[in-house]
Amino acid sequence: MIMDGPSRTIVWFRRDLRIEDNPALAAASKDACVLPVFIWCPSEEEQFYPGRVSRWWLKQTLAHLDQSLRSLGAPLVLIRAESTLASLLQCVGSIGATRVVYNHLYDPVSLIRDHKIKNQLVDLGISVQSFNGDLLYEPWEVYDENGHAFTTFNAYWDKCMSLPIDLTLPLPPWRLVPPAGTENVQSCSLEELGLENDTEKSSNALLSRGWSPGWANADKMLAEFINGHLKEYSRNRMKVEGNTTSLLSPYLHFGELSVRKIYQAVRMKQIQWAKEENSDADLSVNIFLRSIGLREYSRYLCFNFPFTHERALLGNLKHYPWRADEGQFKSWRQGRTGYPLVDAGMRELWATGWMHNQTRVIVASFFVKFLLLPWTWGMKYFWDTLLDADLENDILGWQYISGSLPDGHELNRLDNPEDQGRKFDPDGEYVRNWIPELARMPTEWIHHPWDAPRSVLKAAGVELGLNYPKPIVELVTARERLDDAVAMMWELDRAARVATLSGSDEVVADNLVGVNNLDIPKAVVKKEVSCTSSSLDQRVPSVHNLKGSSCNKELKNLNSERSKQVDINNRVARIGTSKMDEDLCSTAESSAARKRSISESMCPVPNSCFSLSEVNHSHDGGSSKPHNSSGSPSMHPWKEEHGIGGEKEGDDVDAQSSIKGLRPCKRPS
């Protein structure tokens with residue numbers, strides 16, 4: 001191991017795949033040789049292994065980042081690993097690194113992994129620094145006056161807006177110096193990383209026509225949006241057909257674009273429009289920034305309540321009688337529910353990996369309110385199929401739609417897909433694009449073909465039940481089932497309270513037990529956290545059963561660098577191919593200590609949410625190919641950066657927001 005010369009720092013890239021406004025990269029490049037590293041460890045992804053289209057995006061943006069880093073002098077080192085910790089230790093030993101830096105992540109899997117890795121590295125005398133490269137406000141910076149975490153978006157965002165925002169962007173490095181010993185790192189090529197197999201490559205071929213991954217392309221997309229669609233954003237954001245949103249969500253998810261840069265650029269444009277007294281444009285900016293706030297809130301919820309990927313924030317939802325009907329789940333996935341707007345959205349998702357945010361609200365609401373399917377099933381399917389799949393956003397969206405949040409949809413709210421079709425696709429063009437079976441249906445009937453006269457159906461070539469399905473559940477039946485389910489939930493909840501059946505010490509009770517649960521940290525309200533050597537360092541939701549301090553320890557005085565190297569090599573050998581979840585006691589409650597309140601509604605996610613054969617699922621004339629593959633607006637798979645949203649009657653709805661109006665679920669008296 002070579003130790004002469006300047007210090008050596010490893011920059012651990014994750015979902016911060018950019019050069020500009022990258023605090024970890026900027027800090028490392030100031031006074032050290034830099035080894036940029038990306039580690040792909042599929043075994044540590046657990047049930048949140050990225051889907052096909054998401055991995056396609058990751059592959060493209062890694063290639064883009066590598067080109068940028070090479071131009072600065074230090075290529076990106078790619079590693080396929082069985083253990084992230086073992087790979088980092090191998091890198092440390094190969095170049096004699098004295099420091100590891102990275103930017104924060106907030107999902108429960110990453111929180112556990114990062115905390116363990118940090119402690120292991122610090123124990124070896126390696127300095128570890130982490131930075132905020134993803135948010136305007138860190139989750140541990142925003143609490144109410146009693147030090148409690150917020151559970152409604154309005155209260156959270158109002159508090160955020162009262163706090164100062166540091167919009168200082170670190171200068172990007174103009175030159176990087178790779179350390180000696182880089183050639184000893186056990187790296188691989190981009191193809192060897194295994195993000196795509198041959199079958200997936202052919203399926204992904206069309207994606208490049210509509211998307212250009214990479215941090216430099218993200219900057220172009222931001223500029224196009226600010227100078228184009230942002231001004232009319234308040235008017236057009238709810239149109240499900242066409243290019244009406246920012247198209248920035250995948251860039252934000254993979255960290256190709258920083259939220260600070262977006263906030264700064266949009267605010268500057270707002271100042272310009274304010275001088276021009278353009279009130280409509282000012283409204284568009286405020287709606288868009290509020291939507292950015294929802295992205296912040298999704299991270300906030302995941303950090304402070306890290307069980308929300310599998311259980312509802314509201315404890316009474318554990319008694320909700322979900323229907324674990326895999327047949328209806330399959331019909332929903334294939335876009336064969338008999339409700340045109342729902343089916344169009346699901347077919348677009350399968351063909352392109354994207355749906356407009358409003359369409360996501362519609363199909364998700366149908367999933368949990370019409371079909372009464374467990375919301376965790378829908379969340380997992382979105383994770384598997386969306387190009388911009390983002391765990392925190394998806395958790396927020398699905399919990400909101402299912403009524404699992406205090407300010408989410410009312411539990412008994414049932415949105416009529418027919419009415420939503422008239423509202424968000426008034427001309428029926430979106431349905432015609434994605435359901436060719438209905439292409440000749442008159443606009444008057446296109447959102448409810450079951451009511452059309454026989455002569456109209458015959459002229460349009462539609463045979464209900466043959467080439468297009470009849471409604472999977474009638475509206476009246478869905479209304480009755482939902483009312484019965486809500487009534488049963490409250491009855492069971494009251495009975496449980498009276499009988500004091502639940503003695504759980506969790507913040508909330510379990511929701512859907514049996515969803516391949518991760519051993520994740522117990523949620524606690526804000527409490528005193530051990531000091532770190534830097535106020536920027538990552539924190540964790542809980543500090544139960546710590547083996548050692550979570551703070552960044554001072555560098556240990558080792559007898560010699562040689563003994564340090566031996567220790568590192570021994571540690572790598574001991575770790576081998578162990579999984580991250582074998583040592584979680586630093587942030588997680590042991591399973592024996594948990595008290596699970598198990599209801600009759602145990603709904604594990606089916607082992608296979610979908611099969612590859614579904615790509616050719618029968619639409620009786622329907623095509624699974626994306627409509628308009630030339631890269632026009634309809635070929636821009638997008639989620640919008642802020643989670644699933646929904647509109648309440650009479651409310652001024654946020655752009656792509658999952659919360660607006662924020663009316664709490666009303667419990668019967």
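Any Cβ shown, glycine's included, is placed from N, Cα and C.
TrEMBL: automatically predicted annotations, no manual curation.
Noted in TrEMBL for the protein shown:
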- 7-136: domain 'Photolyase/cryptochrome alpha/beta' (DOMAIN)
- TYR233, THR245, SER246, LEU247, LEU248, SER249, PHE288, ASP388, ALA389, ASP390: FAD binding site (BINDING)
- TRP322: site 'Electron transfer via tryptophanyl radical' (SITE)
- TRP375: site 'Electron transfer via tryptophanyl radical' (SITE)
- TRP398: site 'Electron transfer via tryptophanyl radical' (SITE)
- 614-669: region 'Disordered' (REGION)
- 623-634: compositional bias 'Low complexity' (COMPBIAS)
- 637-648: compositional bias 'Basic and acidic residues' (COMPBIAS)
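If you compare Cα positions, TRP322 (site 'Electron transfer via tryptophanyl radical') sits closest to ALA389 out of the binding-site residues TYR233, LEU248, PHE288, ALA389. For the pair TRP375 (site 'Electron transfer via tryptophanyl radical') and TRP398 (site 'Electron transfer via tryptophanyl radical'), the Cα-Cα distance reads 6 Å. With respect to TRP398 (site 'Electron transfer via tryptophanyl radical'), the closest of these binding-site residues in Cα terms is ALA389, chosen from TYR233, SER246, LEU248, PHE288, ALA389.
The average pLDDT computed for the domain 'Photolyase/cryptochrome alpha/beta' (7-136) is 94.
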